[in-house]
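As recorded in TrEMBL:
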- 2-102: domain 'BTB' (DOMAIN)
- 153-172: transmembrane segment (TRANSMEM)
- 226-246: transmembrane segment (TRANSMEM)
- 252-271: transmembrane segment (TRANSMEM)
- 327-346: transmembrane segment (TRANSMEM)
- 358-375: transmembrane segment (TRANSMEM)
- 387-411: transmembrane segment (TRANSMEM)
- 441-474: region 'Disordered' (REGION)
Ligand SMILES: [Zn+2]
């Protein structure tokens, strides 16, 4: 029986030739005396690899399946498998989970790292032109709040304006912050004597509609809004112009939101400045209401905070990564809601005025399953009580299962993000230490240079020599 001697990292391994030939698609299965690793004098094949890993590799040829040592880094063992041309399909079933765990860890880390990638100018671009350098400063200040002190300050200013714009929006719906333009009697007079559709459509029993028809946002709030709009417009323009790759600017959802929001805000502002013109045209009133609805989106500007608080980004990433589970939750919820609403409809058939249709039962089922229970609809017959109890019970079950998966995903991402931040901090510290070290070296070098220059001078050497010494150190 032919034996093959393998010298791996200084340790000698002996294995039968027939064992190696079992896997001809691997590196060891293709060994020939003509290969570079073969040493004629010792009749061995030499490989400069880790002998500790090699024992596990060799087990594949002896036992027919590969088992991973659990105390080593999965990534390094995968590299070892790649070197020996061993495919993942040879990994034993018991170790497959471990094998994929490393891969999954790696994938989620790459996913998180990728989501934190930032657009930036390259160093070469900045070296070449002063314009790019200025643009880069602007871009970093506007886009990456953690990049410098100026960027931090700008971000606080930006957030203050966002809060201001939100406060003005919220207060705009309060009667105390609105200026009276018509009295209730004047409104009644207009309705009776003038044929304006806007006023005719107002429901006089609805105090909100009457308030919006007889008042308008106070001058102060309008001015605050105007200031916010000018600020956001200027910010958007500079932000866009300073973007390193303009095409990619709108690939970020928040950057898409900004122009839409600004168009909506400016349009509704223009309408508010020309109330009489708008009221006379029905189509314009509809457009005004739509733009006003869009203005609510300004609350989304708060998501800018994701650039400072990575935890917020992790919540978004979790939702995105858990799309499958959330879809499952939605489907199971819809099925259960239809199921219980049909049941309650027939269980309450004999009760007058309750659950008039199955559709209204769906609303009841959703509110019961989420344990909200508004109490606007409830079963009152014995059968109905049974259905109601079952609905509440299954609702808790259906809700809890996919949510557990979502929270596990969140925990995983959160843990990975903490690791990422730790690694990032470690790398920054290392870089800082390296720069400090180089600066120190440079300082020592300059000190030596000046000392030698002075000594040269004291030695009454020629001025030419001094120049040469200085230049040589520069
Ligand atoms: Zn195993």
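Keep in mind that glycine also has a Cβ here, set from the backbone N, Cα and C atoms.
A contact links the transmembrane segment (327-346) to the transmembrane segment (387-411), because at least 3 Cβ pairs that are 6 or more residues apart lie under 8 A.
Remote same-chain residues near the transmembrane segment (226-246) are listed as 119-121, 125, 135-136, 138-139, 142-143, 158, 161, 164-165, 168, 255, 258-259, 261-262, 265-266, 269 (criterion: CB distance under 8 Å, separation of at least six residues from the stretch ends). Mean pLDDT for the domain 'BTB' (2-102) in this predicted model: 88.
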